[in-house]
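Participant: Below: one structure in structure tokens.
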């Protein structure tokens, strides 16, 4: 927008003041003028910005603006719109209503009385479309369904063009201020006033609270480009329930959708303590005062009696019943048909069970739109999901019918439709009143009654014919329809004297469905003459004088009636010799005839007449080239084959009988055509395990001739008895057994062989109670030659018990076993050999032993009986009498205290074998300090009691030896010397080699040593003492004198003293050489000594 203004002053005002102007007056006037213009311009600018135009019908714009600064609102003169007819409109205030302007910019000028002007540029885009506040015409409530129905006028006539309207509806529940429902609803304004409706169902029963509704709307017109805004909310419209009953719980007997949520309230004068659905407690919701509610989520399908809801107060109990279920399902498989073209029956499946019964059950209405006829079906019995049926009477002459089936219950409705041509949907009723009338023995008339008006269609009927032991036969018949009529059909090709069962069903010729089968009608046709003669056979008696004639009863389809008797005649050269009448049920005749060739005739007779004769020759052509064959069948049948014989012109006859029966053997026979070469004999009389004889006869002009003779079984079984066998002969190494044949009746099959088991065993031992072939110690013999009746078992042991078992077998299996225990005879030659061999071996061993003992007698004597030396001849105990006897100073048995010294025994490296050192353990404890200085591997510290010697020896070397308290053994020589080689004997000291080496050598002078050597050299053959006798002390080493002696040279003791430390007998040494001449060995037993 653009605006401008100006200010003019009257000239008289200028003239009056001109005389009073001072020099500063022009400047002051200019400043005031500029200030006035600035303030006016700001006021005009604000007025342009605050101009607002609205419209509520797009026909008239309502514009308002604030007056400029310094201008009174009442000084508006007019408003002018440029380029518009009647462009100026007088005004008195700052508000004007002008007709809607065309799209585009328009210049608007506002003139004031004081001369001011305001100019604006106005466009439709700057105008706001704000509809008038809507008015609610009516608000009603359905308290049973808790529904509100709202009505209002949309005022569509006020708008110049059709427009879309959006309505916003707000529902409040007192005392709550928040809306419980806020819904948008779209409608079309058509240019005329229309009353709009809106329905809303409350979760809370309307009885429980006051409900208020308010609406507003919004217009969306494509012909208006300005702003579109919501109208103001309409005034609230309230609705409340006026309590006129004593009911306290709402809703009452409500029908709800299963799985939905619902709220139930209780308006009680006293405090409500609890609320529950069924037996389940629910939390209470306080609404206002004493009014409470409970909320139920996902309510299940109710039982037939509904679901109980109870509120308990201090002094009473209140409640209601809720019925939860489903709306009707769409009717399924809707089909319509007619049974009699008078009434149409429609059937359907109701689908899902609604769960509602009684007055809330689904009601079905079948409406035919062409005729306008309808029928109602209301099932109240139960909840079964069965097929429903509903009938509608047909309109005469109407064939096309359009049916609509509607199902309704309190929760909703569903529909299904079908269009049919009724003449193509005919399923007649069941035929009734069946009748059968004979025309002759093979043709009858069958009739039935069928209700219905079928004059315009043809009927297709099926007649089912059934006779005993035969397949059912169905015949079709097309019949011209009639109204409630009896229909007749001729049934031919029947058998005489046969019981039949008839029944019928019908449909239309175009076929929709068959009717159900009628009841059965039984009928027996009349008799006729037999169509064939009896099947005949003959056998000569065992004495050959009488001919026995056999015949089989005629089957029903050939007898054509009840056979009363049979006429049997024989003729010779076409002259009848005799005639016999045999009454039924006898089927054999015996005639005495000669050996001539007679022709036997048999004729069957019933009430209608006689059959053609059956003829058979009495003579049989002999055949000597006959061999007996074997055959095995399967189940209750046996298969026989033969070669074609061109000489056979009539037929073949197979006769069979039980082989155990006496002659004449006849069980049954069968005739087959002459061109056949095989047949299967089957009979219910065949039994498994029974042998039958089969005879094949061929027929020629001269008579019958036996062609083959066969024995066989229809099924082989195992024998029922074991072969009876005995022992014929027994030897030391063999047994001969013999057995008998098994009777045919007990064999029950063709004998294939015998199984013979045997093993060692005694009677009544667990091992031999039964023999199994898989045991390794059991021997088996399979005898396949059935003519063999003996068996010799060889390679047996003498005088041994054997267990023998014999079993027969066929293809049907093994028969039972027959067992026997047999002991073989004793073998005399073996017994003699068993005695002689041990005797001979004993004699040989005795002779060899005697020879060896004689040759080794000296060695045996030395080994087992050595010479025991006489102790009196031992010089080891012969001592010098001067030493051991006659001295009072020698106290041999005197016990004196002994102070032990430690003796270290060191191992010396000797070139000769040594005696193993012996460790002597002292009773005195060892000193740890002294032991640590000596290597434990090279020496042993022992306790030693040195004897005290009073004799003094002046050898200075002895001071070192005798004065030490520790005595060290360097070596202990054995009393036996090692064997020296020949070349080494010259270098050995004769004294050392000749005799015993003492344990210790006492120091002596050279002169004494030489003298001693000479003396010892001559005494090498005798015993050498262990010590020098000259050094022996005559007193006990433990005597006080010996203890106090200062003599440092001492002896180890005397052999006569109990305190001696000398080794009289050397210990065993593993390293010492062993003697090779003595001792026991097996090789020495066979060697001779040099002196032997």
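Every residue, even glycine, has its Cβ placed from backbone N, Cα and C.
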Participant: In Swiss-Prot, which of 779-803, 804-828, 829-853, 854-878 is tagged transmembrane segment?
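Facilitator: Going through 779-803, 804-828, 829-853, 854-878 one by one, Swiss-Prot flags 829-853 as transmembrane segment.
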Participant: Quick one: sort out which of 504-508, 509-513, 514-518 is the motif 'WSXWS motif' according to Swiss-Prot.
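Facilitator: Going through 504-508, 509-513, 514-518 one by one, Swiss-Prot gives motif 'WSXWS motif' for 514-518.
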Participant: For the set 611, 1039, 1072, say which residue Swiss-Prot annotates with phosphoserine.
Facilitator: 1039
Participant: Quick check: of the glycosylation sites listed here (440, 476, 647, 675, 724), which one has the Cα closest to that of residue 261 (N-linked glycosylation site)?
Facilitator: 476
Participant: Can you work out the mean pLDDT of the predicted model over the domain 'Fibronectin type-III 2' (330-429)?
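Facilitator: That region's mean pLDDT is 90.
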Participant: In the domain 'Fibronectin type-III 6' (719-828), how many residues does DSSP put in helix, strand and coil?
Facilitator: 8 helix, 49 strand, 53 coil
Participant: Out of 453, 476, 567, 647, which of the glycosylation sites has the smallest number of neighbouring Cβ atoms within 10 Å?
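Facilitator: Checked 453, 476, 567, 647; of these glycosylation sites, fewest Cβ neighbours within 10 Å: 476.
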Participant: When you measure from the Cβ of residue 724 (N-linked glycosylation site), which residues in the chain that are at least 6 apart have a Cβ under 8 Å away?
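Facilitator: For residue 724 (N-linked glycosylation site), the qualifying residues are 739, 740, 818.
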Participant: Select the closest residue to residue 567 (N-linked glycosylation site) from the following glycosylation sites, measuring between CA atoms: 440, 453, 647, 675.
Facilitator: 440
